[in-house]
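Enquirer: Marked as transmembrane segment by Swiss-Prot: 22-42, 60-80, 117-137, 145-162, 164-184.
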Amino acid sequence: MKKFLFKQKFCESLPKSFSKTLLALSLGLILLGIFAPFPKVPKQPSVPLMFHFTEHYARFIPTILSVAIPLIQRDAVGLFQVANASIATTLLTHTTKRALNHVTINDQRLGERPYGGNFNMPSGHSSMVGLAVAFLMRRYSFKKYFWLLPLVPLTMLARIYLDMHTIGAVLTGLGVGMLCVSLFTSPKKP
């Protein structure tokens, strides 16, 4: 009986339609991040405390809520949807990191981190925070979780200021997270 219920809830979690607006916005962010020639951000002598706080603490809030809210509301379909979107985001992010590592566009290697290193694009931190916030806003309520929205640019800016990613990489990461939400999440029925 448990297997049938598991399979039934999994099948129910697959969306029957997707958000065309969210899909278009996410694809636009991905293309912008890959093809726009953003300037290299100079190395910062000091990083504002707000970005350290975001990097080490605040960016986890949406991710925790994206799992806690479906559990609290006993929303099995929502739990499957956030799991599906998270797995898809992780796979897409890491596959894209490896695929774009040696690609050069506008005289800039997409995989090169600001001050050395590989696998720059897309930013995994940006993709996961984008996924979590977009999931909560799409599945439950745009208005109810609007307060989480500032954590997205704060996380992106923290990654840039800490010299971990380029501007294009964080935009592409956000697009990847939103893309997976648009494909795997549907609004909760009242």
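Using the three backbone atoms N, Cα and C, a Cβ is placed for every residue, glycine included.
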Enquirer: Could you tell me what the rest of the chain brings near the transmembrane segment (164-184), counting residues at least six beyond its ends with Cβ under 8 Å?
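Expert: The answer is 14-15, 18-19, 22-23, 25-34, 36, 38-41, 81, 84-86, 88-89, 92-93, 96, 108, 110, 113-114, 120-132, 134-135, 138, 152, 156.
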Enquirer: Give the nonlocal contacts of the transmembrane segment (60-80) in its own chain as ranges (CB under 8 Å, at least six residues past its ends).
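Expert: Counting only partners 6 or more residues beyond its ends, the transmembrane segment (60-80) has Cβ contacts under 8 Å with 9-10, 12-13, 86, 128-129, 131-133, 135-136, 139-140, 145, 148, 151, 188.
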Enquirer: Near the transmembrane segment (117-137), which same-chain residues lie under 8 Å Cβ to Cβ, leaving out any that are not at least 6 residues past its ends?
Expert: 22, 30, 33-34, 59, 62-63, 65-66, 69, 81-82, 85-86, 89-90, 92-94, 96-98, 100-101, 110-111, 144-146, 148-149, 151-152, 155-156, 159, 164-166, 168-178, 180-182, 185
